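One structure is given below, encoded as structure tokens.
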Amino acid sequence: MPDNPPPTSLSKDPPTTDSSEVDFAGLSDDFTHDSASALAPGGALALNSRDTIVFYVQSIAASFLQWVLPPLNTYLFSAYLHAPAHIVAQFTWLQWMAWVPRILFAVCSDYVTLFGYRRKLWLVLGWVMTVASVAAMAFSSVGAPYCDPQVYPTCWNPKANTTRAAYNFDAPNRAAWYRTPTFFVHLGVAMVQASLDGVMVEYCHREPLALRGRLQAFTYFISGLGILYARFFGLFGLNAPRYGGTYDFSAGPAVAYMIGFGLSFVSLVLAICCFRDTHNHIKSLADWTTGLWRLLQNRAVYQLVVFRICYSLFQSPLGTPIISWVTDISIGWSNVMGRILYVPTLIQIMRRGLQWNWRKCVGIASVFSIVLTALATFFVIYDVCRNQYFYLVILALSAIALAFMTLMPGWVMVEVAGVGHEATIAALYGAMSNLMLPVAARWRIIMNDAFPANTALLNDAHTRDQVMYSHVISFSLQLVGVLFVVFLPTHRLPTLQLLARNDRSPIAGVLVVLAYLVLIVFALQQSLYNY
């Protein structure tokens, strides 16, 4: 292995080697705070610099769109327009399919250059697609709802003798039109997110060893604000009776699209005018591909992928939903409470968690979350406590664990992403979790077939036992999944030392690629089958 010194912030070009070729043994404390310990030149960015603010705004916009659109399947298409169940299901599968080419977009963002631009090119293309698609929905008339319980209180009761004038029978037919623009909005956001992930990793690589991960944590915090904004909008803007809620006030049916249009348009302008692009110093496609293949064979990379796949796979099983048994529960508040403590916890981890043992933290947080959720679940199943406030507090506390499980493995991902392959490794890491959504959906079907239970209609001993069995199996699998935390490095230096050892396994590299392809094929098969 060549004996190259670590790159310095004064270098004009990044090192020709990846970070696995840097010797991190015996580093002094002064060096870990020095810019020479960064993985890429350029110097650490201030959290309030122009470049980071431009990046934050785009991250908020992308997060808002990712989280505000899926609930519209229920609020707008199912409740407001009363679309057939198969049409509503198609929206879910179209949204998942749009994220399948995420790694392809990341590869393009890392390597493909046009007129000297790479990240900017794909950010602009993604935002153009997003703006055009969301504008088509924002400025089209949704029309009147299928029925409005605020005007006709009995219109959703099939046994009531409600006048025919209460119903707009043309409303269900309008839902199908939204499928195409919805798909392209998610496709555009997937393209944007792939590039934003690469930008984040590049910025993190410029931080010195002792501070690396600070900007990443703040990025997750900013993205979390976009998620909270989306969930608060669902809580207060889409909770009227015509959306299936109980509030007397609500936003118009197209307001979510209008907000999304405004955020995406601002992001497009920023991407064109203010975003400072970075150059791809790997000119040859053969060199870029060879470098990626070396990374995938490196033990530090494939070990992280094994953790990500196995941990996500075993955490994805869920039991039969019990939300209908919680007294006076608000779905909107349950969605919000699941993120309330997540956002501030990220800041506390950013301040204090860089020096903690990441493996222990993730393992303890995972067990804590499973035990808390199991406690609330079995209390609800057997009617020990079905109080909505008890249930919501448990949801809020489990969000603390989610912050640990999100951020600390993400820190490892940044360390193993080589220079020139930032977006690709980040997309591979993210996709391994996202592609578990079809697996979770399939698991739920299997559990429903094995332990059929209609919690909305029945609350007898047999139904409770059926629900209990499904949750016991699910929680048991989740606990087994925690064992895979042993594949997660304990800290940043062990990660870099693992990279530096350069232990390579072509078989492991092939298995990583095959695992990704299997998950892609399964997701596509499930999407096309259910579509």
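For all residues, glycine too, the Cβ spot is worked out from N, Cα and C.
A TrEMBL annotation is a machine prediction, not a hand-curated record.
The feature transmembrane segment is assigned by TrEMBL to 93-114 (among others). Within the chain carrying the transmembrane segment (93-114), a Cβ under 8 angstroms from the stretch's Cβ atoms is held by residues 69-70, 121-122, 126, 179, 182-187, 189-191, 193-195, 197-198, 280, 282, 285, 288, 420-424, 426-428, 430-431, 434, 437-438, 516, 520, 523-524, 526-528, 530-531, all 6 or more beyond its ends.
Per TrEMBL, transmembrane segment is recorded for 121-142 (among others). For the transmembrane segment (121-142), the list of distant contacts is 58, 65, 76, 80-81, 105, 108-109, 112-115, 174, 177-178, 181-182, 184-185, 187-192, 194-196, 252-254, 257-258, 260-261, 264-265, 267-268, 271-272, 275: same-chain residues at least six beyond its ends, Cβ to Cβ under 8 Å.
Proximity of distant same-chain residues to the transmembrane segment (183-205), defined by a Cβ-Cβ separation under 8 Å and at least 6 residues beyond the stretch ends, is recorded for 19, 38-40, 45, 51-52, 55, 58-59, 62, 65-66, 69, 94-95, 97-99, 101-103, 105-106, 108-110, 119, 122-123, 125-134, 137, 212-213, 215-216, 219, 260, 267, 278, 413-414, 417, 419, 422-427, 430. Summarising the annotation, TrEMBL assigns transmembrane segment to 183-205 (among others).
If you look up TrEMBL, you'll see 217-234 (among others) marked as transmembrane segment.
Beyond the ends of the transmembrane segment (254-275), by six or more residues, the same chain brings 50-51, 54-55, 57-58, 60-62, 64-65, 68-69, 72, 76, 119-120, 123-124, 127-128, 130-131, 134-135, 137-142, 185, 192, 233, 237-238 to within a C-beta distance below 8 angstroms of the stretch. Feature annotation from TrEMBL assigns transmembrane segment to 254-275 (among others).
Summarising the annotation, TrEMBL assigns transmembrane segment to 361-382 (among others).
Annotation comment: TrEMBL describes 388-414 (among others) as transmembrane segment.
The transmembrane segment annotation in TrEMBL covers 426-447 (among others). Using a Cβ-Cβ cut-off under 8 Å and counting only residues 6 or more beyond its ends in the same chain, the transmembrane segment (426-447) has close neighbours at 96, 99, 102-103, 105-106, 194, 197-198, 200-201, 304-305, 308-309, 312-313, 315-320, 410, 413, 417, 470, 473-474, 512, 515-516, 519-520, 522-523, 526-527.
Positions annotated as transmembrane segment by TrEMBL: 467-488 (among others).
Under the heading transmembrane segment, TrEMBL lists 508-529 (among others).
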In the same chain, which residue numbers or ranges, 6 or more beyond the ends of the transmembrane segment (467-488), come under 8 angstroms Cβ to Cβ? 303-304, 306-307, 310-311, 313-315, 317-320, 322, 358-359, 362-363, 366-367, 370, 373-374, 377-378, 381-382, 408-409, 412, 443, 447, 450-451, 453, 455
